[in-house]
């Protein structure tokens with residue numbers, strides 16, 4: 001699966017992931033900034049909302 005991968009300070013690049021899922025991590029509270037994207041599906045918490053997706057490629061835009 002092709003996923004976008006970056007942190008808050010890096011430019012987004014496309015990564016070919018071994019996992020079948022991508023994630024997009026963002027703040028739950030305003031300002032709702034996107035804090036990173038990448039491979040897999042890490043858990044969220046009270047501050048971070050993690051949206052995971054499995055298809056199509058680049059689904060974590």
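The backbone N, Cα and C atoms fix where each Cβ goes, glycine too.
Swiss-Prot has this to say about the protein:
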DISULFID  3-22  disulfide bond
DISULFID  17-39  disulfide bond
DISULFID  41-52  disulfide bond
DISULFID  53-59  disulfide bond
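Among the disulfide-bonded residues 17, 22, 41, the ones whose Cα sits within 10 Å of the Cα of residue 53 (disulfide bond) are 22, 41.
Distance noted between the C-alpha atoms of residue 39 (disulfide bond) and residue 3 (disulfide bond) is 6 Å. The disulfide-bonded residues listed here (3, 17, 59) include no residue with a Cα within 10 A of the Cα of residue 41 (disulfide bond). Neighbour counts of Cβ atoms within 10 Å were taken for the disulfide-bonded residues 22, 41; the minimum is at 41.
Here the C-alpha separation of residue 52 (disulfide bond) and residue 22 (disulfide bond) works out to 6 Å.
The disulfide-bonded residues listed here are 3, 39, 52, 53; among them, 3 has the most other Cβ atoms within 10 Å of its own Cβ. DSSP gives residue 22 (disulfide bond) a strand state.
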